[in-house]
Amino acid sequence: MANKNNIVIVFDFDKTIIDVDSDNWVVDQLGFTDLFDQLLPTMPFNSLMARMMKELHDHGKTIEEIKQVLRRIPIHPRVIPAIKSAHALGCELRIVSDANTLFIETVLEHLGIREYFSEINTNPGLVDEQGRLIVSPYHDFTKSSHGCSRCPPNMCKGLIIERIQASFTKEGSKMKMIYLGDGAGDYCPSLSLKAEDYMMPRKNFPVWDLISQNRTLVKATVRDWTDGEAMERILMGIINEIISSDEEEMEKMLSSDHCKISVGIVHEPLVPLALQVPLNLVK
């Protein structure tokens, strides 16, 4: 996917793109909340979801029934326009989530926004020959630990962010990252962000609480948001800020002494990003 402005936007999925937790939504909608609550204290969350998918299958629940439930998942009406606008402005969009591939792909395809994401980092969710959803850990902690004490054993989102950063450094591009999340698992990646990056924690959610305890630990600019409407407004504001500052830098570079020898090159004035077209001119 072409990244026209060197902005990468990383979205968490549960309670960020969608308004609920997809794991809980499926379990609750299919009537298995009691068993889930009973098993919750006994094992890591990722292992619990693998167990719950076995229970659903054993009780005759099909993959199609799971998908039907996922297609009813609540989402704020401004989230999809925000994703489409960011993509249209040349940003690269990725997902880093502790859900699973089947849940995320089903929802994104249903909403018509799968094509806007260049990468989905999440726990594998594959359907076996019996028609059962097998949820595996993103990081196979049965073989080795990812070594991060802050994160659950199956996934360290901070390590994923560092890998994305390293891939751009290798390409030699000056990438700026915007990270949106809500949960405690989104705190670790916020610590990996650089000073030129932006962290967008959902206000009054666990990651916002953790960041608020000591703002100085997060080098990135922090801009919190409350719902899909605020997310869209703040995200668009940040993108415009980055693009405007990059254009200013380019203008300075072009007008500096060493560029003045480029005789015959005419630089068009930069059009303001938020230029409004009069309604009577719109056809």
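Glycine is no exception: its Cβ is also placed from the backbone N, Cα and C atoms.
Lifted from TrEMBL, the feature list:
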ACT_SITE  Asp12  active site, nucleophile
BINDING   Asp12, Asp14, Asp182  Mg(2+) binding site
ACT_SITE  Asp14  active site, proton donor
BINDING   Asp23, Asp98  substrate binding site
Within the chain of Asp98 (substrate binding site), which residues six or more apart in sequence place their C-beta under 8 angstroms from its C-beta? Asp14, Phe45, Asn46, Thr122, Asn123, Tyr138, Pro152, Asn154, Met155, Lys157, Gly183, Gly185
To test your reading of the Mg(2+) site: which residues beyond Asp12, Asp14, Asp182, same chain only, put their Cβ within 8 Å of the Cβ centroid of those residues? Phe13, Lys15, Thr16, Ile17, Asp21, Ser97, Gly181, Gly183, Asp186, Arg202, Phe205
Across all protein chains shown, the recorded positions Asp12, Asp14, Asp23, Asp182 give the max Cβ-within-10 Å count at Asp12
Cα distance, Asp182 (Mg(2+) binding site) to the residue listed as 'active site, nucleophile', nearest Å? 8
In Å, rounded, how far does the Cα of Asp23 (substrate binding site) sit from the Cα of Asp182 (Mg(2+) binding site)? 15
